[in-house]
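Beneath this line is the structure, given in structure tokens, with notes to follow.
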């Protein structure tokens, strides 16, 4: 796969207006310090600073100070004036500590959810209707405004950029804005008409946009803007999880290296042109990318764990969307989230790339069209049957270009190569892309293998071969792209073990491919005298003490018990759980009390069943401090903490020689098999050494689902040790029989359990030993 950083650098070189357009901020502006959080307009308030700046734009820098104790929150009593640039508006803490200073609209944006945010037209509310209502920070008819270090929350729109250019919004946290978007870039002229030269060359970089209706919008003429390195996340708290980004009549924008998670659509384009979407990640969405428009490009993205990876929509005009080098896997999940997008049509085809998916403009769309928004049903379009072109319906996108047909695997001069054929327009130079999947059941595009160009003959036929060198790939797919950039759906998968054609595939080649499906040895992890991944599953016993004195006594009991392999130091139970210095001093004493047994260091957050609440930022800082203390052998890291924190701690742990067990705990349910596998694979992608998930069963079927997912993960996707379990009494069998399904570790207890369903470690060891001997004898 091409390097995402290379993609980004190439873009910036190719688009000098994006690379060089910097806010024209004076080198030494006069500083306006905001050190009062009241909103009476007096000197030192945010309102005063904005009004003072607007009297003489280009001469000031506004610094919001940390006043009193955290949290630091300014609550305007009424809308703030628009900001006129050039000006810097900065929360003073972020560059020193990473903390945000909040601007919170809850004192005057009041109402029941989206109903607090009326649209531009009477009777319409919330996201997915035209609106510029009740924004927090306003950049209108201005330029060169630089905003950083702020949390903007509880408005209808967090930051509104309306007919404004060359602005920079970076390193902010935009949360729970219930109306149009977290950040809205729009050329709206005030009457709903686009303006094409007013909202250009803005940059939105490294922000966290969480639980906004739409994360960000580029609408009504917004063009040549750069959106990079942001997190777009929707959680169950979001009343309208619509789009991570919506592009509506927005052109020539660049969206790179962002993550989109848990929306109806990760990114939706409505009739935009020439937008570039590269090196982003889409997961947990009903649809990853939901696209219409002309000459848009999706290139080098990671698209996994959605219902539909890429949906191309019918429209009146004949358009072309280019899909290139995207890695797509583990989609077709049952995610029916349909706020102005997504896939909720019963019987809808799902998977990697799907043509003809209905959206708001289509009669067949199922889902919300916006609060109070009910366009005339007679104006909604029908979708033509594939191949049909008639007046009263919209035809398939990308001219319904058909994918290649992969016909077999050939061997020439000892080298394996895919064989296939393509049908297209006569005398055209088509671009083919080939993908591989590690499971024989894989039918998507897990690994990007490369490209080739093939010309069609006068009848529109081309035959081709493509070299394949990785014996671990068990199936192959391909796409075809027309000379003007219209990409097909994926081909049907060619399964290696079924690819034999008389005279083309020697028996030895087929056997080699089939043998790759055999289990690889588990990657061993050595913690002191314990080898994880070798022999029977290793037993782990957690501490549950609340004070240092009782903890050390408990650690001695664990250390002296011959049936315990590894101790888990649960710091969240302690009364000093948030005191990094005290824990750093206590840790070596605990290690000594364990009498040589390895230690897993764990702060189980309250969100995942732990005893103490902690912010993601503090979680990362605490772990960083304790890693420097050097007493842990392994670190438990929750996968759903802030991704930047997770990646940083993985890097710090590995640098310190500490292994990482990445974990997820679902105390409400047992997710679908595909979801369990997706979470474990995500842990692997994030750099975990051990992959862990604990789920709550409601019946025996749930337990079997967990064990089945464990086996599929072990046999198809990983050689890393697994630690999976069903909790509670019903799930006890998963703790006992896990070795059969690929588990390398399991939890027991001495005295008090730390999670439902844990078994006394001596009894656990006895059963594990008996089962291990049986497994060895098979």
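Cβ atoms are placed via backbone N, Cα and C, with glycine included.
Copied over from TrEMBL:
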| type | residues | note |
| --- | --- | --- |
| SIGNAL | 1-21 | signal peptide |
| DOMAIN | 116-232 | domain 'Periplasmic copper-binding protein NosD beta helix' |
| DOMAIN | 241-336 | domain 'Periplasmic copper-binding protein NosD beta helix' |
| BINDING | 568, 569, 570, 604, 735, 754, 758 | 3-dehydroquinate binding site |
| ACT_SITE | 665 | active site, proton donor/acceptor |
| ACT_SITE | 692 | active site, schiff-base intermediate with substrate |
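Positions of the features from TrEMBL, shown on the structure.
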residue : record                                               : Cβ within 10 Å
568     : 3-dehydroquinate binding site                        : 22
569     : 3-dehydroquinate binding site                        : 27
570     : 3-dehydroquinate binding site                        : 23
604     : 3-dehydroquinate binding site                        : 24
665     : active site, proton donor/acceptor                   : 20
692     : active site, schiff-base intermediate with substrate : 23
735     : 3-dehydroquinate binding site                        : 23
758     : 3-dehydroquinate binding site                        : 22
Secondary structure content of the domain 'Periplasmic copper-binding protein NosD beta helix' (116-232), with strand meaning DSSP E or B: 1 helix, 53 strand, 63 coil
Composition by DSSP (helix, strand, coil) of residues within the domain 'Periplasmic copper-binding protein NosD beta helix' (241-336): 0 helix, 49 strand, 47 coil
Averaged pLDDT, computed only over the residues in the domain 'Periplasmic copper-binding protein NosD beta helix' (241-336): 96
Length of the line joining the Cα atoms of residue 735 (3-dehydroquinate binding site) and residue 692 (active site, schiff-base intermediate with substrate), in Å: 13
Nearest of the recorded positions (569, 692, 758) to residue 665 (active site, proton donor/acceptor) - Cα to Cα: 692
Between residue 570 (3-dehydroquinate binding site) and residue 692 (active site, schiff-base intermediate with substrate), the C-alpha gap once rounded to whole angstrom: 16
Nearest-integer angstrom distance between the alpha carbons (Cα) of residue 568 (3-dehydroquinate binding site) and residue 692 (active site, schiff-base intermediate with substrate): 14
Rounded to the nearest Å - Cα separation of residue 692 (active site, schiff-base intermediate with substrate) and residue 604 (3-dehydroquinate binding site): 13
Per DSSP, three-state class assigned to residue 758 (3-dehydroquinate binding site): coil
